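Asks: Let me begin by handing over the structure; questions about it come next.
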There are 2 protein chains.
Amino acid sequence: MPGEFNLIETYFSNQQANRDDVVLGQGDDCALVSPPADCYIAISTDTLVCGTHFLASACPADIAHKALASNLSDLAAMGATPAWVSMGISMPEVNEPWLASFCGAFFELANQHDIQLIGGDTTKGPLTITLTVQGFVPIGQALTRGQARDGDGIYVTGTLGDAKAGLDIILKTRLSMQADINQTLEKRHYRSTPQIFAGTQLRGIASAAIDISDGLIADLGHILSRSQRGAIIDTEQLPISNELLHFAQSDILARQYALTSGEEYQLCFTVPQQHQQKLEQQLAGIPYSRIGQITNSGHIVLHEQGCEVDWELAGYDHFKDH
Amino acid sequence: MPGEFNLIETYFSNQQANRDDVVLGQGDDCALVSPPADCYIAISTDTLVCGTHFLASACPADIAHKALASNLSDLAAMGATPAWVSMGISMPEVNEPWLASFCGAFFELANQHDIQLIGGDTTKGPLTITLTVQGFVPIGQALTRGQARDGDGIYVTGTLGDAKAGLDIILKTRLSMQADINQTLEKRHYRSTPQIFAGTQLRGIASAAIDISDGLIADLGHILSRSQRGAIIDTEQLPISNELLHFAQSDILARQYALTSGEEYQLCFTVPQQHQQKLEQQLAGIPYSRIGQITNSGHIVLHEQGCEVDWELAGYDHFKDH
C-alpha cells in the first residue's frame, strides 16, 4: 500500500497487546481467530457519524472512547467477555495529530478490556466509524431481553442522566453556572465506562438485560416488548449524581433526565426475587439501584411518592427531528 | 424503536434464510453464534463510501452487490466458507424504493453464499456502508500471503481489466463505440462474482493467495512483500475478455488495464510445481490462467514476447489524487 496508507496502518497496528486466540491479525485478506469451545460468540456493530453522534469539533480521543465504549457496552449487556474488534473508518484526510489522539484513547480502552483490533478498512470520506466487537459467553448464560417475568425487580448500574446533561452542555442548550460541573458532565457524556464486569457477574442471575443507549424508558421498553411485560418505575429511586442535581436545580427535572438520557452505557436488568441474595453477593462493590418492578400491564407506569405521574417522555430516534 | 427505524428493520430482517449456527439474530444487544469445532474464523471488514467507491447516482442494487461481493472476496482469498455478516450503514434519509432495491440485491447474493446478516446499525449520515464478514476455514488450511516460494507458478481466476474499463465508462473518461459493450463492462464493474468456490478448492494447494481489489500489480505486490520474493509476469498470458479487447482497441492497452484494474475480485494465487496436477483437478470447470512465476528478485518484472518491458503502472491509493 503506497503513500499515506502506510501511516494509518502504523497507527492502527502498533499500540496493543496481542491475544493468544488471534492466529493472524491485521495485514492479510482476513484475520484468523480461534474461538473457544463451550462458548457462543456475541457480536455487535455500532456506527458513529460526525454530526449525528458527535460534533466535528469533538476531541478525537473522546470520539474513539465513545465509539469503543458504546460497542463494549453491548457485550456487557449480553454478559459477554470482550475478545476482538474490527474497525471501518472513513476520514476526509490523513491528519496525524488527530490519528495519534484517536488511537491513543482507542487502544487505552481496548487494552483495559483485553480486546484486540484484528483488522478493518480505512477509506477517504466523511468521518464515520463502524466497529464490530466480538466476545464470548458460556453456552446458556447469555443475558437476553426476552425473559423478564412478573415481579422481577428492575435495576440499573451507576447513575443516570449525566450523559444527557453533558450533551446539553456540549450543544449549549442548558448550562450549569459552575464551570467544573459543566466540565464533569461533558466528560461523562463522552467517557462512559462500559459495564463489562457487572455484565459477566449477572450471568445466571438476571432474567433480562440491556444497555442504556437510547434512554432508560426506550431501552427498558425493548425488554418489556420482547418479554411481553410492563413495569412500574419508582422515580424517587432513580440514581442521580450530585452534579446532575446541581445542573438540573430540581429533583423532577433530574429524574426526567435520568429516564430519557441516551448514551449512558449503564446496564438496566431484571432479577427474579429468588436471586436477590446472589445479586447482592455478585455485584458487591459495583454501584447499582433497584428502581422498580416488572408487571403484566404491557406498559410503563411512573410512580412519584406512590402516585402515578404522567410525564411526556420519549426515546431517541435518529430519523426524527431533535 | 419508534418511527422509521421499524421500517428499516423490516427491510433488513425479513428476506433471508436462517443458519443453524445463529443462536440469536437481530433484535438483541448482540447476535449469538455457535462457532464450529476444528475451524478458525476468518474475519474481514470493508467500507464503501458514496463518492469514493461509487457515484451517488449508482443503482442501489449495484451498491449492495458490490459491498457484499468485495467482502466475500476477502473470505475467498483466505479459502474460507462464508457464515455471518454484520452491517453498519448510514444514509441521509429513509428512502423506501432505495432500501427495497439495496436489500433485494444484498440478500440475493447473501443467500447464494449461505451467509446470514446477524445484525448491525442504521444511522443518519452520509451514505456509507461497512460490512464485517465471517467465515470458516479448517485449522491449518487458510490461504495466506506469506508462503510463496521461488519457482511457484502465479495464477489468476477469470479475466482481468473489465472492472477498470467499466469504471472508465461510468466516469465517461473512455467509452467504447458499442453501447452493448459499454453496458457489459459497466455491469462487470459493479457485479463481480466473488470466487468463494475457487478459494475453498485451493486449500492445501496454493502457497499464497489474495483477491484483486487494488489491481494485480498492487495485490501481487502484497504477496511478494509478505513472502519476500519477486515475480516475472508474462503479459501475453494475462486473461482478457473480448469486451475489454474491443474497448481498449489494442493488446498493449488491454494488458495494462489487466495489470492495474482494481475491484476485480478475482483471485491471484501461487502454486508449487508439485501441486500442478492437483490444481488442474481441483479447479476443473473454473476459468483460470497461469500468468508468471515467483522469483527471488524482490520485485516484479513484466515480460512481453520474452523481453522485459517497462510500463509506468501503479496501484490504487484512496488518499492519492486520482
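First residue shown is number 1, and so on along the chain.
Each Cβ is built from the backbone N, Cα and C atoms, and glycine gets one as well.
Take a look at what TrEMBL says about it:
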type    : residues                               : note
DOMAIN  : A:27-137                               : domain 'PurM-like N-terminal'
BINDING : A:ASP29, A:SER44, A:ASP74              : Mg(2+) 4 binding site
BINDING : A:ASP29, A:ASP74, A:ASP211             : Mg(2+) 3 binding site
BINDING : A:THR45, A:ASP46, A:ASP121             : Mg(2+) 1 binding site
BINDING : A:ASP46, A:ASP74                       : Mg(2+) 2 binding site
BINDING : A:HIS53, A:GLU263, A:TYR316            : substrate binding site
BINDING : A:GLY120, A:ASP121, A:ARG145, A:SER213 : ATP binding site
DOMAIN  : A:150-302                              : domain 'PurM-like C-terminal'
BINDING : A:ASP214                               : Mg(2+) 5 binding site
Asks: Are there binding-site residues among A:ASP46, A:ASP74, A:GLU263 that sit within 10 Å of A:SER213 (ATP binding site), Cα to Cα? If so, list them; otherwise say none.
Replies: A:ASP74, A:GLU263
Asks: Sequence gap of 6 or more, Cβ distance under 8 Å: name the residues on the same chain that satisfy this around A:ASP29 (Mg(2+) 4 binding site), in order along the sequence.
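Replies: Once residues fewer than 6 apart are set aside, A:ASP29 (Mg(2+) 4 binding site) is near nothing.
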Asks: Filter the binding-site residues A:HIS53, A:SER213, A:GLU263: retain a residue only if its CB is under 8 A from a CB of chain B. Output in sequence order; output 'none' if empty.
Replies: A:HIS53
Asks: When the Cα-Cα distance from A:ASP74 (Mg(2+) 4 binding site) is computed for each of the binding-site residues A:HIS53, A:GLY120, A:ASP211, which gives the smallest value?
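Replies: Ranked by Cα distance from A:ASP74 (Mg(2+) 4 binding site), first place goes to A:ASP211.
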Asks: List the helix, strand and coil residue totals of the domain 'PurM-like N-terminal' (A:27-137) as derived from DSSP.
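Replies: Within the domain 'PurM-like N-terminal' (A:27-137) the tally stands at 36 helix, 46 strand, 29 coil.
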Asks: Express the distance between the Cα positions of A:SER44 (Mg(2+) 4 binding site) and A:ARG145 (ATP binding site) as a whole number of Å.
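Replies: Approximately 15 Å lies between the Cα of A:SER44 (Mg(2+) 4 binding site) and that of A:ARG145 (ATP binding site).
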Asks: Whole-number Å distance between the CA of A:GLY120 (ATP binding site) and the CA of A:GLU263 (substrate binding site)?
Replies: 24
Asks: Relative to the Cα of A:GLU263 (substrate binding site), which of the binding-site residues A:THR45, A:ASP46, A:ASP121, A:ARG145, A:ASP214 has the closest Cα?
Replies: A:ASP214
Asks: Excluding near sequence neighbours, so keeping only residues 6 or more apart in the same chain, what lies with its CB under 8 A of A:HIS53 (substrate binding site)?
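Replies: Spatial neighbours, sequence-distant, of A:HIS53 (substrate binding site): A:LYS66.
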Asks: State the Cα to Cα distance, in Å, between A:ASP211 (Mg(2+) 3 binding site) and A:ARG145 (ATP binding site), rounded to an integer.
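Replies: Taking the Cα atoms only, A:ASP211 (Mg(2+) 3 binding site) lies 10 Å from A:ARG145 (ATP binding site).
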Asks: Enumerate same-chain residues with a sequence separation of six or more from A:ASP121 (Mg(2+) 1 binding site) and a Cβ-Cβ distance below 8 A; give 'none' if the list is empty.
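Replies: Residues satisfying the criterion: A:MET87, A:GLY88, A:ILE89.
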Asks: For A:THR45 (Mg(2+) 1 binding site) and A:ASP214 (Mg(2+) 5 binding site), what Cα-Cα distance in Å is obtained after rounding to a whole number?
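Replies: Their Cα atoms are separated by 15 Å.
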Asks: A:ASP46, A:ASP211, A:ASP214: which of these binding-site residues has the highest Cβ count within 10 Å of its own Cβ?
Replies: A:ASP211
